[in-house]
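*Asks:* Dropping a structure here in structure tokens format, bear with me for questions.
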């Protein structure tokens with residue numbers, strides 16, 4: 001314990017009226033001075049209630065002061081006591097035996113005094129220890145009370161939270177019970193909220209219509225028998241095509257027909273090309289003969305040719321014709337068939353290319369239609385799987401809800417059985433064992449004792465035996481305290497409301513004073529601002545007058561400086 005706290009405790013012991021509101025730490029500075037420390041320690045260790053004057057003694061002393069009689073104090077009192085001692089020594093003459101007896105008595109009294117002083121010091125030490133323990137116990141009690149209040153607050157919060165959760169659970173159960181009403185209720189009061197409650201007839205009819213439309217489409221678009229493949233979802237009808245195996249186009253009859261067709265095309269091409277070549281050669285020969293005839297006619301008309309020259313020319317021309325005929329027959333018999341045959345063979349490439357392009361186009365067309373049908377089938381399958389998955393999820397949720405409700409029913413049944421057992425035990429108590437209001441509570445009834453401790457609170461006075469009547473009294477007192485606290489809370493709330501209303505009025509007055517009914521904040525008084533504006537305008541006018549006067553003075557000085565006559569007059 002600090003010195004300041006000991007000083008305050010000493011003041012409390014001697015009965016100082018305002019010692020309870022003093023703080024011991026505020027008096028620690030008094031013990032810092034060495035001269036005052038010894039006195040203060042003596043004061044804290046020796047002064048008690050016996051050193052304090054009673055009210056009667058104070059009244060007697062005040063009466064003595066009012067009477068005007070002299071009061072001996074200080075040195076005057078010491079001198080009087082000294083004279084009294086000398087007078088006693090002079091007047092009283094004692095024997096040696098009496099002196100010896102008195103000395104023995106003095107020694108015994110001194111010993112008794114010393115023993116009492118030791119006992120007093122021991123008691124003071126015990127008192128200080130007891131006070132220290134009392135303060136420590138008070139601190140522990142305050143801490144325990146604080147912890148108890150915290151625990152009570154925590155338990156209250158847990159209780160409220162549990163109550164809210166139970167209330168929410170009750171509401172959820174009530175909402176859930178609406179969904180499982182009897183089927184005789186109207187549809188308006190029994191809404192369908194689960195997927196299993198909705199009929200699937202419309203959905204199935206739409207899917208059947210979609211399947212029928214898809215089947216009709218496959219009948220129109222694909223070869224015969226494709227719609228049967230679409231209608232039956234047998235896995236044997238859906239197999240991957242192996243590139244290594246021969247296709248339908250590799251049949252021997254089809255290949256033979258194609259070879260014959262290509263041979264016919266080649267023969268037709270050869271015949272056509274020969275006819276074209278013959279026609280072209282005949283046309284060219286006709287044109288050349290006509291041209292030659294025209295030239296010779298012109299020449300015969302313009303020139304006169306001898307018969308001998310004409311015969312020689314005819315013979316030369318006949319020889320040239322023979323040579324040309326030989327060349328033509330050579331080309332016709334040997335060169336032309338080989339060229340035409342080679343050209344006919346080259347005709348296979350565009351024909352085969354066109355055939356393959358036609359097959360590729362057909363294959364692309366069928367592939368696009370197959371992809372369209374496949375996408376529709378995938379969508380239909382996805383919708384079926386989605387509905388199935390939704391039903392499975394809903395079924396799982398129903399199973400989870402069912403298990404939770406089963407566990408809840410089991411717990412409630414267990415609680416119900418326990419409650420019935422408690423009620424049976426309470427109802428089976430005989431009349432002879434029923435507790436009256438004055439019967440003490442059993443020490444084994446911990447719940448009632450705990451209730452009594454909670455109701456009693458910080459009361460230091462502990463009862464040896466607790467009765468139901470006492471418990472009712474404590475509960476009634478607690479009820480009265482609660483009502484008083486509620487009244488105080490209502491009064492404080494009303495005072496707080498009045499304070500807030502007054503504060504709002506003050507704020508409104510301040511806003512009126514600052515804004516003056518406008519939206520702009522006024523940082524100064526409006527009247528003072530107007531006076532400042534007037535003073536500023538007057539100062540501006542005075543400044544203009546001074547500038548005019550100075551300008552006039554400058555002009556006059558300039559005139560005086562230039563005109564000597566004015567200077568003489570001045």
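Cβ from N, Cα, C; glycine included.
The coiled coil annotation in Swiss-Prot covers 90-124, 154-178, 284-336, 458-495. The N-acetylserine annotation in Swiss-Prot covers 2.
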*Asks:* When you measure from the Cβ of residue 2 (N-acetylserine), how many other Cβ atoms are you left with inside 10 Å?
*Replies:* 12
*Asks:* So what's the average pLDDT for the coiled coil (284-336)?
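*Replies:* Average per-residue pLDDT within the coiled coil (284-336): 76.
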*Asks:* Hey, does DSSP put residue 2 (N-acetylserine) in a helix, a strand, or just coil?
*Replies:* coil
